[in-house]
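**Q** My questions will all concern the structure given below.
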């Protein structure tokens, strides 16, 4: 026994010596000793009140508001890259300059006070930018002609005259209103991401110093007391993309998403969806490419139809070539049937329609498929027909542009008792929601919120409290230009949102967040603090709800009970391997 134990001890010592040598080489190559010495010396001479802040407790990454554009011209891509770099550079200057000075000595646990300082700083920057623009305008050549405002887009052409004896459709008797031009995008001040990043860093630092998980620290900010239970938001997982950037004719489905049953854990739900995704891959591989055809593009030019590619989108899901609305839905339905999964029980569907990307302003109609345009009334009929054919669809995101407020009210009154009508791009920004104090326009079941730009942690707490008081569903979403920082998951769980929309099950920046979701779920199970999600409930929003009183509600034929999952035919791979498929 002594020799055996001595052998193990000798082996351990040798391993430790090897590890020390590797550490010394690493420190030497990266100049670690000198940097540590400089940091410690500066700490002594400066003697900061906030020692931990000076030594950098944590680091954060925040995504910019810039969208990811598919198939854009090199000139446009280069111009946007220059603008993005300028925004990052300005943000870094703010953080290293005035923001650091104004936050010096503040306690990280005083989140509201820190965020108020950040808000004041940002408001001053907005005012400075406004004054600078006015000054530049006043210095312009006064003799230069004042540019006339651009004329509004022409109204849609009148419908063709009916031939004698031809019956009129139900929409033909209604005079169409001219389509409203798009509202100007809300201006984003260059460098504004510094506000959101610093607010997030302070919240994370407070959690670390208090020895609390970050999600619990956020829950304490919202509830002001230790929560007995925390629930993991329901997943909206993107499986396929058939939107405007896809090679097929179908434009309507930027994302076709699956929502696992509320009774399943997040890990069970993702394992089920990984199996579905694997069968989607097999279907694409077995499908012969279509014959090359010549058809008109959006500008009337001729272009060849591309074959099915199965290209991985920046959203983390496959971009598939489809030509009709029913095809992707039937694909998922058929795969579920083969796996013994019941759509409407084991999982539900959601569609990100991204209607703002479909509008053809020359025709004043939505181009749902290449060459096929529909007015707003026809779009409503399309959605009603779609829900009737596929009742497992329980959420539509951005079915209309935000400018079409009447149509939002129509679709909500028609379908709001059967599915969630969610405003994403059509929603007001978080700052506008907080400023107005309501979410009545457009009329919807809920909104998608994102942490970006000048949004502070306190803003997120306030806006979710506002949405909760109005009986609105909150979806916490990731930006299109996503980072690998997984703080978004902690924020979503701490804020108690209903859904979390992270994209697909591929690409490292998205896989990281799913893995963080699993980790938190396991911690909550071990601590006995994992709460149960309720079944899908659709509220009938009326005037009483807007005043904050309890709404009448209709419950979908879904309960929070755990459905029995069929035994899947093959072992399910862990989510980590999906990163390899994304890079393949």
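Placement of Cβ uses the backbone N, Cα and C atoms for every residue, glycine included.
From a predicted model like this one, the values you see are computed outputs, not experimental measurements.
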**Q** TrEMBL lists region 'Disordered' for one of the ranges 129-185, 186-242, 357-413; which is that range?
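**A** Here TrEMBL associates region 'Disordered' with the stretch 129-185.
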**Q** Which numbers of helix, strand and coil residues does DSSP report for the compositional bias 'Basic and acidic residues' (129-140)?
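**A** Residue counts for the compositional bias 'Basic and acidic residues' (129-140) by secondary structure: 10 helix, 0 strand, 2 coil.
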**Q** Which whole number is the mean pLDDT over the domain 'Enolase N-terminal' (49-218)?
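**A** Across the residues of the domain 'Enolase N-terminal' (49-218) the model's pLDDT averages 80 on the 0 to 100 scale.
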